Structures are given as C-alpha cells and as structure tokens.
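**Student:** Feature table excerpt (TrEMBL):
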REPEAT    1-18  repeat 'WD'
REPEAT    73-114  repeat 'WD'
REPEAT    206-247  repeat 'WD'
REPEAT    251-292  repeat 'WD'
Amino acid sequence: MSVVLVTGSYDHEIRFWEAWSGICSRTIARSGESGQVNRLAISPDKRLLAAAIHKKVNIYDIASASSTPLVTFEGHTLNVTSVSFHSEGKWLVTGSEDGTIKIWDLRSTHLHRNYDNGAPVNDVCVHPNQGELISCDQAGCIKQWDLSENLCSHELAPAGDVPIRSVSLASDGSCLVAGNNKGKCYVWKINEEKSSLPRYQAVTKFGAHKKYLTRVLLSPDVKYLATCSADTTVKIWSISQDYEFKQEKVLQGHQRWVWDCAFSADSAYLVTASSDHTARLWEMASGETVRQYNGHHKAAVCCALHDGAG
C-alpha cells in the first residue's frame, strides 16, 4: 500500500480509505467491543496501525483483512489520548488521562517504561532524535522526558494552568509548537543541549482561534503549521526563518468541530477529521477540498496518513 489513510470515529469503527477515489477499502468494525477510537498512528514501515480505544491500544496488521488485533496493550486506567511509534518501530508511546505516559515494547508486548506526569496527558510526541518525548497536559504543562535518564528534564508552563491541548515538533528538531484550550499557540526554538542558550527559547505566541483548539501540527517540511478548532475550520500558517507565523489560508467546508489532521509526506496535502462524520483531503496550494470521505455514522475524531517511503 503506497498510501495508508485511516480514520477513527465515535461510531467505534476504524476505516481505511483509497485516498484518491474516496472509497472505503476496509472497515475494522470491532463488533462486541465497546470504546470509542481516540487516536491513530501508522508505523514507519507501514506494517502496523496503532489505535487508542478508550483505555487500551490495539495493534492491527495493515496488510491483513482481519479485524482481530495482533496485540492489545492494557494498563492505562483512563482514556488513552495519544499514541505514536518510535522511529525504528520497536516501541510504542502512549499518553493518557490517567496522568501517565507509557512506553510499550512491540516485540515482547510488555510495558517497558512508565512516567508519572501527575496531570491528565493530552498529547505526546517523540523528538526526531528519538531520545526524548514531549508531552502536554491538562494542568497547562509541557514536559520533556529523557528516555536515557528516565526523568523529566525540562518543564514549560506558557499560560499558567490553561490546559495545553496539543504539541508538535519540527521534523528537524528546530522548534516546538503548542496549542491551548483558548486557541492560543506558543512557539519555542529548540537549542542544542550543549549550547549556552536555553533548551527551549520562547520566540512567539499568537491567537490562532477564538474557540477551542484541538490540534496543532507542523508540516514535514516545517514551512507550515495547521491548527484545528471547534470553530469548524483549519487554519494554515506560514513560518518564516525567524519564526513569524502568518495566516495563509482558512480551510472551510467541515460543518462541525475539526478534531485531527495529518500531512502528506511532501507537505502538499492535509487530511482532516470532523464531528460532521466526514474526513477531507485538502490541497495546500489552493486550500480546496479535493476529496471527501463519507462512511462514519458519528463524529470522525482521528486520522492518520502515511504516504512516504515505508
């Protein structure tokens, strides 16, 4: 599969789509199993799909037609809010409303490590150097967790106790963007640990949306930032060399909250998932919808796209 496009919904279904035709090619129905799908992630080699479903994470074989997971990771006691693969695909990182971040071994299927964040975790991303995790939480904190030292090495609280909803790291490790519940975005330049400058150097902040912000995502080429919101829009911001963020486009078409988004590998397209039951594929250059994915019976709340090299 050259393009893997997946959506998850409150209807409990996970759907695979043919990106260009808009046809649903496979549905994981999960009959007899309760729990809404919160987040999705595709492994770097395109072999596995990780689906955060209520308190657990199911790992599915993308090439198989089976709806039975290869393995299920259980251990979180509340909703799993984030899931991501380590670059080599040996580890899975999860964050949860139970206040923990867990690292799972995909080979042995055991829990490898547990970090106690204290407050409910809203999002976690893996640093491109693969040695650190960045999390954000309901208490308004952003933390860097060192995998080698097994501890929290840096902490940021840009807006006091206003919950931080989403974090995104540049693919080249150059900057960090965070978005909070009030629609504000905060940006830090990331300096080398060896340098005399602070590891996270605040460079700018701006109001992205007047309503609740659900997701911030930097494009793979680090030229754009996408912000999703309860205001039904996705905004695209261009990023200058000196970290000036300028609103370039407003992607309009969804009828309700936009929950999640994913960029294509070349940063030319964006997929979005919305409470209006649909997902959309947008062309970045024009800001237009080029495909709509219809099939979910309730809110589509998460999406994942992998169209790069496997």
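Glycine residues also receive a Cβ, built from the backbone N, Cα and C atoms like all the rest.
Just so you know, TrEMBL annotations are computer predictions that nobody has curated.
Keep in mind it's a predicted model, so treat the numbers as computed, not measured.
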**Student:** Under an 8 Å Cβ to Cβ limit, what residues of the same chain, 6 or more beyond the ends of the repeat 'WD' (206-247), are close to it?
**Tutor:** 165-172, 174-175, 177-185, 187, 189, 254-263, 265-267, 270, 272, 274, 282, 284, 287
**Student:** Using DSSP, tally how many residues of the repeat 'WD' (1-18) sit in helix, strand and coil.
**Tutor:** 0 helix, 10 strand, 8 coil
